[in-house]
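To keep things clear, I will list the structure first and then write my remarks on it.
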């Protein structure tokens, strides 16, 4: 059987879809924080987690927002993850009361690294693949491991020439 290219089994996510799914994630997390249901802060894993983190923080009215930047890909090649930018140490502690948000858990290597730094944080993603699912506490949609997710911030709308020639 011929191996598929990443785009051949693709899941295209629109801006509207990521917004709806991120709101659904917020609703699922509402009242689940350790401090009488509240979360102390939202930390987005850059870059993909920024949009979902912003939407979750807005929906849950969490005003303290920070980021952690983890590099685990060089173009489309996966590499060992490394932290490029960490959130404020005094905010994070061991992660208690912190909601860490990303767009997707794929292999789980990024979340595994972040979880070693903040073991008591709550990890939430919009989408989850089976290999990474054990690393996430809350997610909205599961997709198969061999599906490539196309996020709207990775895509560009462009003009396409009509099949029968020019306008």
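A Cβ is built for glycine as well, from the same backbone N, Cα and C atoms used for every other residue.
Since we're looking at a predicted model, the values are computed, not measured.
Feature annotations, courtesy of Swiss-Prot:
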BINDING   47, 48, 79, 102, 103, 104, 105, 106, 107, 108, 109, 110  5-phospho-alpha-D-ribose 1-diphosphate binding site
BINDING   79, 106, 107, 108, 109, 110, 148, 149  GMP binding site
BINDING   103  Mg(2+) binding site
BINDING   106, 149  guanine binding site
BINDING   106, 149  xanthine binding site
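Between the CA atoms of residue 47 (5-phospho-alpha-D-ribose 1-diphosphate binding site) and residue 148 (GMP binding site) there is a gap of 17 Å.
The GMP site in the record is lined by 79, 106, 107, 108, 109, 110, 148, 149, and its two most distant CA atoms lie 19 Å apart.
With a cut-off of 8 Å between CB atoms and residues at least 6 apart in sequence, the same chain places 71, 72, 73 near residue 79 (5-phospho-alpha-D-ribose 1-diphosphate binding site), listed in sequence order.
Distance between Cα atoms for residue 107 (5-phospho-alpha-D-ribose 1-diphosphate binding site) and residue 148 (GMP binding site): 12 Å, as a whole number. In the shown protein chains, 15 other C-beta atoms lie within 10 A of the C-beta of residue 107 (5-phospho-alpha-D-ribose 1-diphosphate binding site). Among the listed binding-site residues, namely 105, 149, the Cβ with the most fellow Cβ atoms inside 10 Å is that of 105. Secondary structure at residue 149 (GMP binding site), taken from DSSP and collapsed to helix, strand or coil, is strand.
A Cα-Cα distance of 11 Å separates residue 105 (5-phospho-alpha-D-ribose 1-diphosphate binding site) from residue 149 (GMP binding site).
Residue 110 (GMP binding site) carries a helical DSSP state (H, G or I). Residue 110 (GMP binding site) sits 12 Å from residue 103 (5-phospho-alpha-D-ribose 1-diphosphate binding site), taking the CA atoms of both as reference points. Taken residue by residue with DSSP, residue 105 (5-phospho-alpha-D-ribose 1-diphosphate binding site) is part of a strand. Classification of residue 79 (5-phospho-alpha-D-ribose 1-diphosphate binding site) by DSSP places it within a strand.
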